[in-house]
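Okay, so here's the structure we're looking at.
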Amino acid sequence: MMVGTQNLGGSLPPLNSPKSYGITKPLSLAGPSSADIKRNVELEKYLVDEGLYESKDDTMRREEVLGRIDQIVKHWVKQLTQQRGYTDQMVEDANAVIFTFGSYRLGVHGPGADIDTLCVGPSYVNREEDFFIILHDILAEMEEVTELHPVPDAHVPVMKFKFQGIPIDLLYASISLLVVPQDLDISSSSVLCEVDEPTVRSLNGCRVADQILKLVPNFEHFRTTLRCLKYWAKKRGVYSNVTGFLGGVNWALLVARVCQLYPNAIPSMLVSRFFRVYTQWRWPNPVMLCAIEEDELGFPVWDRRKNHRDRYHLMPIITPAYPCMNSSYNVSQSTLRVMTEQFQFGNNILQEIELNKQHWSSLFEQYMFFEAYKNYLQVDIVAADAEDLLAWKGWVESRFRQLTLKIERDTNGMLMCHPQPNEYVDTARQFLHCAFFMGLQRAEGVGGQECQQFDIRGTVDEFRQEVNMYMFWKPGMDVFVSHVRRRQLPPFVFPNGYRRPRQSRHQNLPGGKSGEDGSVSHSGSVVERHAKRKNDSEMMDVRPEKPEKRASLSPQSLDIVSPENSAITTGWTPPVCNLRRPPSEEIEADNLNTECTELTDLARNECNSGSEQVLEVDSMAVVQECSDPAEPLGKCVTPDSVDVVACVSGQEENLDRNLRSVSISGTDSPLLPSRSCGQNRDYEGFGFPAANSDPMGKKNLYSQSGMSEDLQSNSLVSGMEKSEDRARSESFQKSQIRLLT
């Protein structure tokens, strides 16, 4: 499907349209200006040039594949009906129906995208045996089917495969009917009668997609805007539900809400309003397209007033179909911070675009993840063969989010983790391998004791133990977690196998930097006062008495933490680079006009401007924070060369390195207690304080719009249009590193 500009004129609804969308009145009924239309043409041309639309031939191939899958499941159900002794009439009437959902159903899929598909079958055809065993075997024997991978234990059980090269995610729902009609109305609540919760989740993918299209004023404008923002999210590294960011349905719901608030806006306007709204949204107030409805069927719906677990959701985005659920329960404190920064980045770029100071390409600039941090966790995944690696990687990736949550939990939210959704493969290695990475940074604006240490050896052990409990584990499957310094990152994570010349990190920060004249510098521009940047000054101190790798052990829990010294530690890892964090940051709320008060109070993050961080490693990593930059350092020690053990495919490889170190303290510091291994807790059980999980308090515990209750009126219209967002100013502090034995 291609896009053009022919719909800009006649497709807009009338300005005084009587139909209302959403749970609040629109923020603006304004239509596009001539400048908006011009920018919209440029945006759509950019999306086409970027190859985001598939050809007509590819569209026809997808339709043919869906027709073929429909034939297969119909034959499968008839075969089972006959084998189970039903009458000839029942065999003749036996039926299964295929529905699509996700990006394909919403019309925003691109070339090579998978097709989210749901098979609805009769009550006597079950998921556990009939779908995941019998249908699986039928598909496995077909030449058209490749990379068949069942995931029966997923939150939404799914069978993944490629059919004639097109990726398919096939779900199954057995409803309480002996015969499934071909014209089944899946949006009716009656399909949910007498089904289990996995079936409800499977059915709701289609039900949510249909509801979204019904709840937006103009679905063509919605589709273009969503296609644009999904592409932006992938470029900025925040498109992944499994790692704690947002997936396709989350982005669709966020875009749909903006379409409701600006019903007459075209895509170029909606993209701008998207960033304007969500940089000012008061999380954890929920985003909802319609009111949450109860039903006599009795399924639990999202309601933080009644459900204790719902109060710990940080970024609730509620699905519009019964039973209404939070589609973004995976979001953690760390990933919410990253997404908030990226929203600010997008908002600043859009302000520049509207002033004709930037082009659309600036919005979609790739986020340089491997230049953003000094510390990274590397998670290496290995398996015996390609099929095992596919299954093992999917399992480890699904648990990767838990590592983020556990680190937040065990450091009381003082260490933030930025998981990178993309996987990386070292093609130079002969064994089957892939790797994921996570950036590490001390949380901004958190209080803490001087030189505090955080022990996460037990955290890493706990993560590895949970991962190794994989139900379908096979010999050869293994996972390794290690710290790497930025300049020790493996070459295969960089384009063409080599890192590009170092640039000022201000070019990669979301939101750019504010100069003295008030102008904002984005990627591609350099703030003069930060133009000169020192090279990495971190040094390392290695003592040679323990050259070999050893398994990490969880430290004993301590009830008292020293006010002078404490740290962060991970187990059996190579040396880790120093962590850097921005100093004090303050985002002021935008002042609206006199007709209304603030749209929202933006969070103020206060932190020590002179903080300095150090990592210490003894087959472990230790992050140390000192608030006084003038604190005297210990003397520099230059040891002899020593063997540092690196993990390669489960084997040890000795690497001779000459390392130096600057020590911050002459004595070992007590460690913050770590959680013992073997605990398997949900995010809701991590014990975050209510102040962190629900900072808005009772007053805003359940606000329908996410905005201040006194602002839910038409007086917001002019205020939103006149708001001026300010970019946050960040700088980076020096940090040191040392190795302990």
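Placement of Cβ uses the backbone N, Cα and C atoms for every residue, glycine included.
What Swiss-Prot annotates here:
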BINDING   Asp114, Asp116  Mg(2+) 1 binding site
COMPBIAS  534-551  compositional bias 'Basic and acidic residues'
COMPBIAS  701-717  compositional bias 'Polar residues'
COMPBIAS  721-731  compositional bias 'Basic and acidic residues'
COMPBIAS  732-741  compositional bias 'Polar residues'
REGION    494-556  region 'Disordered'
REGION    683-741  region 'Disordered'
MOTIF     485-492  motif 'Nuclear localization signal'
SITE      Lys160  site 'Interaction with RNA'
SITE      Asn330  site 'Interaction with RNA'
SITE      Arg401  site 'Interaction with RNA'
SITE      Lys406  site 'Interaction with RNA'
SITE      Glu598  site 'Interaction with RNA'
Fill in the blank from the handout: Using DSSP three-state counts, the residues of the motif 'Nuclear localization signal' (485-492) come to 5 helix, 1 strand, 2 coil
Problem - List of residues, in chain order, with Cβ under 8 A from that of Arg401 (site 'Interaction with RNA') and at least 6 apart - result: Val242, Thr243, Gly244, Asn330, Ser332, Pro419
Completion exercise
All chains considered, the count of other Cβ atoms within 10 Å of the Cβ of Asn330 (site 'Interaction with RNA') is 24
Fill in the blank from the handout: Smallest number of other CB atoms within 10 Å: among the binding-site residues Asp114, Asp116, that is Asp114
Exercise for the section: Which residue among the recorded sites Lys160, Lys406 has the fewest other Cβ atoms within 10 Å of its Cβ, if you could check? Expected result: Lys160
Problem - Length of the line joining the Cα atoms of Asp116 (Mg(2+) 1 binding site) and Lys160 (site 'Interaction with RNA'), in Å - result: 10
Practice task
Give me the Cα-Cα distance between Lys160 (site 'Interaction with RNA') and Asp114 (Mg(2+) 1 binding site), rounded to a whole Å.
Solution key: 10
Exercise for the section: In whole Å, note down how far the CA of Lys406 (site 'Interaction with RNA') lies from the CA of Asp114 (Mg(2+) 1 binding site). Expected result: 31
